[in-house]
Amino acid sequence: MANVVVVGAQWGDEGKGKITDLLSEKAHVVVRYQGGVNAGHTLVVGGQTFKLHLIPSGILYPDKRCIIASGTVIDPEVLLAEIDQLHQLGISTDNLFIAETAHVTLPYHRVIDIAEEERRGIYRLGTTGRGIGPTYADKAERMGIRVVDLMYPDQLRERLSWAIPYKNVLLEKIYNLPPLDPEPIIEQYLAYAERLRPYVTDAALLLTQAIEDRENILFEGAQGTLLDLDYGTYPYVTSSHPIAGGACIGAGIGPTSIDRVIGVAKAYTTRVGEGPFPTELKDEIGAYLGATGAEFGTTTGRQRRCGWFDGVIGRYAVRINGLDCLAITKLDVLDGLDEIKVCVAYEYQGREIRHFPSDARVFAQCKPIYETLPGWKCSTKDCRSIQDLPPEAHDYLKFLAQLMQVPIAIVSLGASRDQTIIVEDPIHGPKRALLYPNGGKRAHALMPD
């Protein structure tokens, strides 16, 4: 295999969990490198559905080491509930490792997150209310609690005995909320610590050893490129770095250790929460995509906003992440449509632009410029090769590859593992930079011309 990063190429919810699950078969180590319980992925294996938020998708393979790395923020209550759920389903977590340097979400983070959203009013960001932003804020302010702090009861008690009264000042003076009682929180987190203790390790050192042993490592990002703190639709973003570069910081490895980057995108576009969304459909087609695609968030249950595929943000994701290939998911959701539109550029103040604007105010005024392609009436759910697809579906995928100038290696046609077409080996196929040596072209069913 290689050391591979899987990233979302849109606003999250692209189906990264399924793709990671598929690729995990050839990996020795699977790493979640950022985010927290604000992200979720759903896996369907053998008729069983698994909904996970923190634990890497590779946990379903008992011989894969699964690491929750330093770049994540960990809610012990949710993590332990996931561990218990897996145990109830007969799945071992002996292969799970938690970075001792990851930061911990506490009750005051969740309370502040919800209170701050309410305080923002019409300027709310649409957070999940799970305390992720406040946890990362404490990390940046160097006042956070880390997993390693949980391992030392006296130190944890001392840190929380200072932190909780500090946060109570904010709760009372800024948000007009009652203060939190420190003692129950301290006792609860001491109990969490004992249950988590067997999993805690120096994850960066573990990864370094795996790299030195030439093991195959799969890095699993949460959310998506357009939610990146620096490169997303700021301020409507997450508080970490879902992009490929975030894998290095979040996991504690050097950039030369990454061999390949795979982007995951839906065959259309969705977004949860607030923020600009040029191709959003507020008509019956948008409702059809939402209903057919079961577009409800794994974490919050909120209905996702749906729209046509946006090639502008797609090209941006290719550039920002250095994508080598794409996995296109939920192609089957487009079955039955008479025509399908793809955004190829934006109109802004009477002129055409083909780049993603960094200013959210500009982005909010962008109108999509569409190319219209014919749809297909037959089902694609049972297709298992490119040749099985209706010609219109094949042409649609070819158009996306051409638009984004990156090959499509995987096509997903449903939630199950077997509802997948492997067009080209996503691990050992050509890197995008090598597709056209000496000006030549490489034949590929879904390769840009």
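A Cβ is built for glycine as well, from the same backbone N, Cα and C atoms used for every other residue.
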Check Swiss-Prot for me: it has Asp13, Glu14, Gly15, Lys16, Asn38, Ala39, Gly40, His41, Thr128, Arg142, Thr238, Arg302 binding IMP, so pick out which one of Gln48, Gln155, Gln223 it puts in that same site.
Gln223
Recorded positions Asn38, His41, Gly301, Arg302, Arg304: which have a Cα within 10 Å of Gly15 (GTP binding site)?
His41
Distance, Gly301 (substrate binding site) to Asn38 (IMP binding site) (CA atoms, angstrom)
11
Pairwise CA distance, Arg304 (substrate binding site) versus Asp13 (Mg(2+) binding site), rounded so that it is a whole Å
9
Per DSSP, to which secondary structure element type does His41 (active site, proton donor) belong, with helix, strand and coil as the options?
strand
If you measure every Cα to Cα pair among Asp13, Glu14, Gly15, Lys16, Asn38, Ala39, Gly40, His41, Thr128, Arg142, Gln223, Thr238, Arg302, the residues listed for IMP, what is the largest value in Å?
34
